[in-house]
Amino acid sequence: MSPRLDFSDWWGKDSKKGTPVVVKMENPNYSVVEINGPDSAFRPVEKNRGKNAKQVTWVLLLKAHRAVGCVAWLATVFWALLGAIKKRLIFRQGVAVATEKLGKGKLVLKIIRVFLVTSLAILAFEVLAYLKGWRYFESANLHTPRTLGVQGLLHMVYVAWLTFRADYIAPVIQVLSQFCVVLFLIQSVDRLVLCLGCFWIKFKKIKPRIDGDPFKSDDVEAPGYEYPMVLVQIPMCNEREVYEQSISAVCQMDWPKDRILIQVLDDSNDESIQWLIKAEVTKWNQKGVNIIYRHRLIRTGYKAGNLKSAMSCDYVKDYEFVAIFDADFQPNPDFLKLTVPHFKNNPELGLVQARWAFVNKDENLLTRLQNINLCFHFEVEQQVNGAFLNFFGFNGTAGVWRIKALEDSGGWLERTTVEDMDIAVRAHLNGWKFIFLNDVKVLCEVPESYEAYRKQQHRWHSGPMQLFRLCLPAIITSKIALWKKANLIFLFFLLRKLILPFYSFTLFCIILPLTMFVPEAELPMWVICYVPVVMSFLNILPDPKSFPFIVPYLLFENTMSVTKFNAMVSGLFQLGSSYEWVVTKKAGRSSESDLLAAAERDSKTMNQPQICRGASETELGLLNQLTEQKEAAPKPVKKVNKIYRKELALAFLLLTASVRSLLSAQGVHFYFLLFQGVTFLVVGLDLIGEQIS
C-alpha cells in the first residue's frame, strides 16, 4: 500500500519553532498520478508581503539598541580621552616630559610652535570676520568703510591680509604642495609596482627551491651525509627578559653537534645579567651543546663591533657559514636545514634571509599597526626585491651569511648604526646575490611601548641616510650594472628612505593645515582622501586580518612621519642623534608552544634531582648567588607615561585647522584634520601603547 500524501492537516496547523528536517526517500515504491487541484501550500509567496507591526517594532528596537551601544562606546572613548588629558596634561600624574637632547629637535619644536601660534591668531581673526559677515571673495560689493572706528580699521586689516595671502603666501604653498604631490605619486607608483610583483609571485608560485637531498655526499666511494660547518652568533646587551628563550631555541636546532658552534656575544654592562647568561650557557654546555660565552669589556661599535670582534677569533676560519639571531629571536629546530641547503651549487649566493613572525602582534593597538608595516615589508618589498633583483637590505638577524661574502665585502664596520644595511650594500656592490625565504619564519617581538618604538624608528631612519652619504661614492664607482646603481640610489635610498618621510611630514602635517588658512592653495580631494586610502589598502593586503585597522593605520603613519622626518634630517646632516644606539626594550614574550615546552621541562626538572656535572665549587657558589639575586630582585617599577611635545603641538595645530575647515564648510577636510589631530593627541599623551583586550 502506498503511503498517504495528505499533509493538509500539518500545514493547516500553526507553524512551530524548531529545526526543519528534510527526509529524502530513494527508490520509492509509489508514484503520484494526479493532483486534483492546486493546494494553497504550492502557491507562490508574495515577496512584497508586508510585515506585521510586532516584527517592525522588534527591528526598530534592535537598530536603536545598536545605535545606543555605538554612541555609548564613542562616549566612553571620548570620556577616557578627556580623563587622560586631564590627568597627564593638567595634573601630570605618572607622566614625564620627553626631553629633546639636541638643538635640532628643539628647533623643530619651535617651528611647529610658531605655526601653531600663527594659526591660532589667524583662526581668531577668521572667526571674527565670519561673525561680522565679511565675505571678500563671495561678495563682489564688499568695500572698506571710510570710518575711523575700530570696526573700519579691522576691516581694512582683514582685506589687506586677504590680498597679501592671495598674492604672496598662496603661490609659495602651491609650489611646495605640487612638489610634494609629485613625490607622493612617484612613491605610490613604486608601492603599486611592488604589489603587482607580489601578486605575480603568488600567481606563478615563484620561490627558491631545494633540488634533491642537499646533504647527501657526492662522493661515490664514501656515501653518506655531509653537513657544512655553521657558526651561530647571538649578540645581546642587557637582555634580561629574553636571553634565556633565545639561547634555548638556538641550542635546540637540528644540526650535528660536531658541525655547529654557538657564540653568545654579551655586551652587557650589568654584572648580574652577565652571570645569568653565563649560567645559561653553562647549563647547555653540560648538555653537550657546543656553545661558548664571549664578553667585551669595552663596548665600541655597538652591535657591529661585537660581531666584528667575534669574527676575529682563530677558529672562525674552520666554518663556512654564520647564522645571526638577535636576543629576542627564537628559531625553529629546522631553521638551518631550511636555509643552508640553498647555498649548495650556488657559489654566488651570499645571504639567505628568513622572515620574522611576531609573538605579541595582538598585544595592543601599537603592535597591531607595526605588524601591518612589517608584513608589507617582508611579504612585498623584500620578497619582490629578492625574487627579481637578488638584493634587499639585510635585516640584521634571522639570516645566514656565507663567511667568504662577509670577508670579501670588508666585514662588519662600525661607521653607522645600521651595520646590517651597510654590509648588504657592500656585498651587493661586490656581486653577491641574496635570497629571501618568505615561508621560513622566526619568532620575535615588536616594541610594545611608544617610547621603545620611537627610538627604534629613529635609528632605522637616521642610519640609512648616514650610510647613503658614506656609500654614494662607492656606488657610483662600482663595477655593477648601471640599472643596479640606479636602483640603489633612486629607489633603495632616495625614494624609500628620504622622500617617503619628507613628503609625509611636509604634505599632511604642515601644508594641509596651512591650506585651511590659505584656501587659495587648497589641496585636491584625491590627494587627501582617495590615494592615501588606496595605498593603505595595498599595505594591509599582506595581512587581511588587519582590515578593521585601516583608518588608525593611515592616521598613525602620518603621525610617525614627525619622528621619521626628524631622524632622516639628523642622519642626512650627521647630527649627534644619528650615532645614538639604544637597545630596543623587550618584554620577553613567548609563543604558546614555547610556554608549554617550558612547563614540561620544569615539571621534569622538579621530578628529577639536579646534578651539575663538571661544575666546580666556585661555579656552584655563583649559581647560588644568582638564585638569591633573583629572589631578592626588586619588583618592576610601574610604567611611567611620557608627554611628547612635538606630537602635542602638531595635534593642536591640526585641531585648529579642523575648526577653520568647519567654518568654510569643508566636510572631508574637517574630518581628516580632526581625526589626524586626535591621533597626534593620543600619541603625544602616550596612549597608543596601552593594553587592549
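Glycine too: its Cβ is placed from the backbone N, Cα and C atoms.
Quick look at what TrEMBL annotates:
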type	residues	note
TRANSMEM	64-85	transmembrane segment
TRANSMEM	111-131	transmembrane segment
TRANSMEM	175-201	transmembrane segment
DOMAIN	322-515	domain 'Glycosyltransferase 2-like'
TRANSMEM	488-517	transmembrane segment
TRANSMEM	523-541	transmembrane segment
TRANSMEM	648-663	transmembrane segment
The transmembrane segment (111-131) vs the transmembrane segment (523-541): 3 or more CB pairs under 8 Å: no
Per-region confidence, the domain 'Glycosyltransferase 2-like' (322-515) (mean pLDDT, whole number): 94
Chain residues outside the transmembrane segment (64-85) and at least six past its termini with a C-beta under 8 angstroms from it: 678, 681-682, 685, 687
For the transmembrane segment (523-541), distant same-chain residues with Cβ under 8 A (at least six beyond the ends): 177, 181, 184-185, 188, 191-192, 195, 372-373, 376, 507, 511-512, 515, 547, 549-550, 553-554, 557, 668-669, 672
